[in-house]
Amino acid sequence: MKILKRIPVLAVLLVGLMTNCSNDSDSSSLSVANSTYETTALNSQKSSTDQPNSGSKSGQTLDLVNLGVAANFAILSKTGITDVYKSAITGDVGASPITGAAILLKCDEVTGTIFSVDAAGPACKITDASRLTTAVGDMQIAYDNAAGRLNPDFLNLGAGTIGGKTLTPGLYKWTSTLNIPTDITISGSSTDVWIFQVAGNLNMSSAVRITLAGGAQAKNIFWQTAGAVTLGSTSHFEGNILSQTGINMKTAASINGRMMAQTAVTLQMNTVTIPQ
């Protein structure tokens, strides 16, 4: 009888031990789950400035910036084009609404047509104020379109200094000046699009190069800058520049792209080639 009386007591003790083990196991599992969740949450909160070399698109498909009639121009300016002879420009050149006298290029520097709004300007110029008005209007529309794109894939990449980086397709935005002190690569396919929004100036150091890789096309690259653009001596640039102010090319700098300035373009023995 004494043995039978002890059985319920042992059963209670065993059940208690099993319950404690189960609770410890559940607590351990919950702790691991919470740790995993916290790590994931922290990683998801990292800004795009944490990406050191390149990155991936957010999933949005970028449409090209429509340049309209302005697409025919290698250089288009509202207030004039100055030049230190001899530059080599492939593509049309124009200035409006400023007088043609503000186009200081010589005819043998341009493989294309020089357009002016009046009878002044280089001897080989063609006067076509209507075409220039349309082109300059399209330049403004293109600038606004590029500046108005939302939800950037990268915000303030490199804290505004992107030397040494490889830039994959997407929408990039900097809320201040952008500096390119060393070579960069733009890598993607022939149909990919890049739009770079710069709230300040864009400065490229001397002898620095932008290289295209993987089939990337200069015609699909757009640099929208609220401030001035300066390309250092002997540097090489790729893409279409849409500047709200001026574009200054230092001695022997080159660009495979277009230069569209809402003020002046300054040349010093430069090479400008409209992309195909």
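Cβ coordinates are placed from backbone N, Cα and C, and glycine is handled just like the others.
Feature annotations, courtesy of Swiss-Prot:
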- CYS107-CYS124: disulfide bond (DISULFID)
- 79-82: motif 'Ice-binding site motif (T-A/G-X-T/N) 1' (MOTIF)
- 245-248: motif 'Ice-binding site motif (T-A/G-X-T/N) 2' (MOTIF)
- 263-266: motif 'Ice-binding site motif (T-A/G-X-T/N) 3' (MOTIF)
- 1-24: signal peptide (SIGNAL)
- THR251: site 'Ice-binding' (SITE)
Secondary structure at CYS124 (disulfide bond), reduced by DSSP to three states: coil
Sequence-distant neighbours of CYS107 (disulfide bond) in its chain (C-beta under 8 A, six or more apart): ILE114, PRO122, ALA123, CYS124
Beyond the flanks of the motif 'Ice-binding site motif (T-A/G-X-T/N) 2' (245-248) by at least 6 residues, Cβ under 8 Å: 225-231, 259, 261-266
Non-local residues, at least 6 beyond the ends, that sit with Cβ under 8 Å of the motif 'Ice-binding site motif (T-A/G-X-T/N) 3' (263-266): 75, 77-83, 243, 245-249
Cβ neighbours within the same chain of THR251 (site 'Ice-binding') - under 8 Å, at least six residues apart: VAL84, SER233, THR234, GLN268, MET269, ASN270
The motif 'Ice-binding site motif (T-A/G-X-T/N) 2' (245-248): DSSP-derived helix, strand, coil residue counts: 0 helix, 2 strand, 2 coil
Three-state composition of the motif 'Ice-binding site motif (T-A/G-X-T/N) 1' (79-82), taking helix and strand from DSSP: 0 helix, 3 strand, 1 coil
Three-state composition of the motif 'Ice-binding site motif (T-A/G-X-T/N) 3' (263-266), taking helix and strand from DSSP: 0 helix, 3 strand, 1 coil
